[in-house]
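Asks: First the structure, which I've put down as structure tokens, then a few questions once you've had a look.
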Amino acid sequence: MPDSNESPQGLKFADVPFDPTLSRRQQKRALFQKKARDAQGYVNETAFRQVERKYRTRIPPPDLSEVIDFRPGATNHPDIASRIVPVALNPAWQTERRRLQHVFGQWTPGHHTGYMLLGFPGLIFIPNPFTPTAQRRLVKQCLRQHARPPHKSNLDAHYQVPDEGVWNRHEGAQCHGWDDADPRGQVPAALKPSPGNHCPNSTAATGQHQSPPPKPTPHATATALVPKLRWVTLGYQYDWSRKEYFLNSPLAFPQDLDDLSRAIVTAIHDVGYGVAGNTSPPSQYTTIAALPPGYDHDRGYVHHYDPAQFQAEAGVINYYQTRDTLMAHVDRSEVNMDAPLVSLSLGNSAIFVIGEESREAKPLALYVRSGDILCMCGPRRKAYHGIPRVLENTLPEYLQPQLPAADTDTDWPLFGAYMLNARLNVNVRQVL
Ligand SMILES: O=C(O)CCC(=O)C(=O)O
Ligand SMILES: [Fe+2]
């Protein structure tokens, strides 16, 4: 009689770490997954791929102890904790936040600190500077305003997206109770697949989004299509086949995202860290860091890109459902690789993985939560990065469908219902 603890492939349950929280069926699945991994010879995979796979694996759930958490007071792995450098943001950022309350929300003092990592020059993390109301406004803009023609989206490959956009049609159907057969709530199929847009399950810049493409159907309800939205491109549109921008026909860049990204580029101007013992710190906003053992090669890093030179010219909005991932890639289609890339997270939290110019270097993983901003500058602008995991059930309270009764945001519940299983990422690039 075969040992009931043994799989048909001859692997024993003892070969995978025992996790008492898993059902027997889940343990069996973990065992099969391990077997499949071994069979595919993962021994030769790159360091980046290994880390990506670690965080993608669901059963057993991954160990998150090495994921960097920039929240004040968070417990970080000791190797990481000694590398986190709080940096003073440029004071001009306060003026910008005050001026742009339609973007960041009502101004209150604070939000002076960003974070960098020793031995990892060019990554600047700004913890959520938005009020809850401002975040909800951004989410609404991403769904109502930005996800509609003339901006291209993954849905264009199979559907004739109406001028009002799929979200507004969905909202109409839900508010007025139109049934599925009502043409007012439907989206017709494309007459033929549109060239240059045949990459329906990818982000504009990379072609890496891992999620099922929408099935070509004669027509679909807007409500069914909303969770199939994966990306929208802003400003310069992107030529998928040539992996370059269409430079002759830029669309006007959305004002709110233009304001937002320019304010962030102002916040990080002249920001960085110098090294203890260096007698002339490179700028007045430079923190002086004491280097932990193993980082004595680090000469410090200060970000100098002039905000007056920054132009928000192209952007991608990624709409993730909680099981979607974004594979390792470098955003290298921009002619100007000196300008920082500004990236905003909204909704459920995720694990962001970023390494070096080569996939062979072991990357770092960090939490990105709703409102957090990541800037990829200098050497980090050319670094591989990706999202191996969106973390389920991490939507902040202020984005939940049911807000406290005192809240007057009456049209939020439909957005909140979408956000329960979603993460949005808005990233803005200068192209020229
Ligand atoms: O979703 C994210 O945080 C990253 C998105 C990204 O890297 C991209 O669109 O190029
Ligand atoms: Fe990217």
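For all residues, glycine too, the Cβ spot is worked out from N, Cα and C.
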Asks: Among 1-20, 21-40, 141-160, indicate the range for which TrEMBL gives the feature region 'Disordered'.
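Replies: My reading of TrEMBL: the region 'Disordered' range is 1-20.
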Asks: Check TrEMBL for me: it has His329, Asp331 binding Fe cation, so pick out which one of His176, His219, His269, His385 it puts in that same site.
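Replies: As annotated by TrEMBL, His329, Asp331 share the Fe cation site with His385, chosen from His176, His219, His269, His385.
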Asks: Run through the domain 'Fe2OG dioxygenase' (304-432) and tell me, per DSSP, how many residues are helix, strand and coil.
Replies: 19 helix, 48 strand, 62 coil
Asks: Using Cβ atoms and a strict cutoff of less than 8 Å, what residues sit near the compositional bias 'Basic and acidic residues' (174-183) while being 6 or more residues removed from its termini?
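Replies: 221, 223, 414.
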Asks: Across the domain 'Fe2OG dioxygenase' (304-432), what does the mean pLDDT come to, as a whole number?
Replies: 97
